Amino acid sequence: MSHFCVDKSQAPLRSAHTAGLFWTVFSGHVGRVGDPQSVPPHLVAAFPQTCWGSEAEEPVSYTCTEGYEYDRVREQCRDIDECTLLDDACKGGMQCINHFGGYLCLPKSAVIYISQETEQVPPPDSVPAVPPNQPQIPPVFPGPPRVPQPGWPARCSPGFTADEQNLCRDVDECATGRHTCGSDQTCYNTRGSYTCQCPPGYQRTGDHCVDRDECAMTHYCMHRCVNTQGSYYCECNAGHKLASNNHSCVDVNECDVQSPCQHHCYNLIGSFLCQCDQGYELAQDMVSCQDIDECGFSSYMCQYQCINSPGSYSCECPEGYQLQGNRFCQDINECETGTHNCQDDEMCWNYYGGFRCYTRNPCEPPYVKTSENRCICRSQTSAECQGLPPSVVYKYMSIQAERSVPADIFQIQATNIYANTHNTFRIKAGNEAGEFFLRRSSNVSAMLVLTKPLTGPKEYIVDLEMITHHLTMNYRSSSLLRLTIIVGHYAF
């Protein structure tokens with residue numbers, strides 16, 4: 001048996017010339033040098049001298065570094081395009097950019113610069129050749145063909161089998177079914193072996209594929225991540241919806257989409273706010289509007305009666321009154337407006353809330369009318385006038401009901417003043433219940449005082465008498481004022 005030895009330090013190197021530069025492949029490393037024959041000394045020293053026997057063609061197994069796979073046609077390592085192989089290589093709306101031995105996840109707005117010829121970036125197809133995974137087996141370099149020795153069967157490593165030419169060829173375990181990949185795994189043939197890969201969204205644990213919980217890792221969901229078998233999806237908080245990238249959340253304008261408010265809708269970030277027209281308030285559901293009963297707030301909303309209406313209210317006044325402004329009631333003077341029904345021989349007297357008709361000649365025999373509202377008894381010596389006041393004056397006045405007391409309501413005053421006289425005043429009639437009191441103010445005047453609140457409508461006739469004492473002649477005379485007091489029905 002003949003043997004031959006090859007000094008690996010003298011072994012030829014694989015070189016590729018790209019873009020005017022030499023790329024020298026040596027033991028799985030890639031270097032750019034100006035001369036393809038120049039080899040770094042530290043790489044040359046890595047090869048000890050190895051000898052082969054010529055009786056058989058031993059198989060050579062190549063292993064590429066991570067991110068590369070062996071190209072059996074070109075007999076060199078080729079970059080794996082993970083962006084094409086992996087469906088979910090990048091998440092969160094990022095774009096996948098393939099890179100030598102790996103890939104990058106960049107924003108879609110990123111600006112990517114392509115390396116020029118002068119930059120030291122190896123082209124995608126010029127990748128390092130694979131070092132053997134068995135250091136004692138030398139790689140097969142270009143050179144004279146080796147012919148197997150007749151009568152000596154080839155001894156192949158596991159994963160290889162001898163062909164009709166007695167050469168070791170790779171066995172495709174995936175095609176022949178000689179693999180142990182599970183039903184949920186995909187078999188990929190490699191030189192001398194095979195690999196089992198799990199579907200996207202799964203990871204291998206032992207011999208099984210289990211779901212990969214993307215939510216426990218970086219998932220790029222803006223609000224919430226929901227894991228599913230082999231994948232995941234994003235959810236948004238209330239008031240938001242998923243954007244077109246299925247990861248970000250954007251606000252939902254409920255006012256435009258749903259019109260949830262009965263009156264006015266104002267959009268907020270993640271929510272909305274309802275407001276009602278004046279006179280309404282939000283119901284408990286915070287979207288409906290219900291009328292505000294202004295009349296229930298206070299009894300002072302209106303002077304007489306408050307009438308609630310949808311979104312508002314109004315005040316009403318009783319008969320004989322008219323609304324002044326929005327709240328108060330003012331008496332209507334029927335005697336001035338001509339809305340009374342008094343006869344020609346009657347006098348119209350207005351009071352709070354109404355009117356009354358009184359005869360224009362109130363004098364009763366033996367009195368005769370001498371002027372408006374004044375009656376006298378002419379014959380003081382006659383039996384008819386004996387014991388009667390010589391004159392009676394008729395007066396009228398109106399007051400509101402429930403007036404606060406005490407209150408000065410009417411003043412009586414002598415029209416004629418004489419020397420050496422003394423005047424006294426008294427309530428002669430009409431004060432049986434003690435509602436009034438006459439207070440002497442001076443020698444010629446007195447004030448009628450209301451001592452009790454009066455209810456109406458009611459008419460009181462009070463006779464106020466002034467008695468004059470003539471001091472020099474020892475003479476006494478009197479005059480009477482008949483006051484008619486009309487109390488209205490209301491306190492206004």
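Glycine too: its Cβ is placed from the backbone N, Cα and C atoms.
Candidates considered were CYS198, CYS221, CYS225; TrEMBL assigns the disulfide partner of CYS215 as CYS225. The disulfide bond recorded by TrEMBL for CYS255 reaches one of CYS236, CYS261, CYS265; that cysteine is CYS265. Sequence-remote contacts of a segment are chain residues at least 6 beyond its ends whose Cβ falls under 8 Å from one of its Cβ atoms, and for the domain 'EGF-like' (211-250) they are 88, 91-94, 199-203, 268-272. Sequence-distant contacts of the domain 'EGF-like' (170-210), counting only residues of its own chain at least 6 positions beyond either end whose CB sits under 8 Å from a CB of the stretch, comprise 59, 61-62, 69-70, 72, 86-88, 157-161, 229-232. In sequence order, GLU254, CYS255, SER259, PHE272, LEU273, CYS274 constitute the residues six or more apart from CYS265 (disulfide bond) in its chain with CB-CB distances below 8 Å. Within its own chain, CYS215 (disulfide bond) has CYS221, CYS225, VAL226, ASN227, TYR232 as residues 6 or more apart in sequence whose C-beta sits under 8 angstroms from its own.
CYS255 (disulfide bond) has a Cβ environment of 17 other Cβ atoms inside 10 Å. Residue counts for the domain 'EGF-like' (251-290) by DSSP state, with H, G and I taken as helix and E and B as strand, are 4 helix, 16 strand, 20 coil.
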